[in-house]
Amino acid sequence: MRASGRAAWCWALFTVAACHLAAPRRLYCERADVAWRAYRAPAAFEARVQSLAKDAATVQVRRVLRRQGHWPREDSVIRLKLPPQEPLECTGRFEVPLQNRRDYIVFAERRGHSAVALGPPLRKKKNLLRRIRAVYKPGYSSPARVSEMTSVRTTRGARVRLECKASARPPPRIAWYKDGKPVAEIALRRFRVQKFRRRSVLVIRHARYEDSARYECRAQGAVGPVAVAAANVSVMTPSTSPPDTSSVGAPCPMPDPSSYCLNGGTCLYFEPVREQACKCPEGFNGQRCENKDVSNRSSKGDPLW
């Protein structure tokens, strides 16, 4: 019985791990980034939902994480206006449908006598609270920094991939530029930008000659100047490799190769052995084609009989 229970537990663990590996990696979305939401929100607090409506919720403040002036106060009851639902591709993993008598983290702003939630409330988790408290510590924010990028030389039709690694607190905004023009304004389906938390990847599919340019990655943090890294992309014509002359020979490196071989022979030089030899026409042989081939009746000269 104990063995079967252990086997079931191992199978469940394997299933969870397999599902985690098979799940596609979610790209970075700044709107759903907890650090950015905490950094920009005038107020943040833990709250318990008391009642729900279509676009609003009545909540009781349980603990204040950041105040906007003197608002809010603990144990106060707030009528909170909720934001419209965002597209599914830009949701955070802590965002869940609200339920009565459940605790959530709320980023909000007081506007006159009303309170507006800045993004969907997040389910309360210990690791989430640690991340938010880290944002509110003195000296949290830091300017953006970027790593150097590597220039690319490729051929027409190839796939180009430029990766920009950047860091800042909160995570920086990263934008790509081609010869000073934002890539986001270039209406080409061949250009694709993949955003992650601390890096951004620019992919150019089926590269063309006009894609040759200077590409810049510009990272902007919440504080400090813009950090820039650049790389040059050169799209070249596919090169044709020279013929292999090691086995068939190359023309002899002399002023007049035709003077070396007799009777119309061709002088060839073989690089591996550093020797020259003659390719004789039909009817002649010898090192320099100086002999008639008596076994060949088509050779030049008098008939044998």
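Glycine too: its Cβ is placed from the backbone N, Cα and C atoms.
Taken from TrEMBL, the feature disulfide bond applies to Cys261-Cys278 (among others). Neighbour list (Cys261 (disulfide bond), Cβ cut-off 8 Å, at least 6 residues apart, same chain): Cys267, Cys278, Lys279, Cys280, Arg288, Cys289.
Neighbour density for Cys289 (disulfide bond): within 10 A of its CB lie 22 other CB atoms from the protein chains shown. TrEMBL lists Cys280-Cys289 (among others) with the feature disulfide bond.
Confidence annotation: the domain 'Ig-like' (143-234) carries a mean pLDDT of 93 in the model. Summarising the annotation, TrEMBL assigns domain 'Ig-like' to 143-234.
In terms of DSSP secondary structure, the domain 'EGF-like' (248-290) contains 3 helix, 14 strand, 26 coil. Annotated domain 'EGF-like' per TrEMBL: 248-290, in sequence order.
Taken from TrEMBL, the feature signal peptide applies to 1-24.
DSSP labels the residues of the domain 'Ig-like' (143-234) in these numbers: 6 helix, 53 strand, 33 coil.
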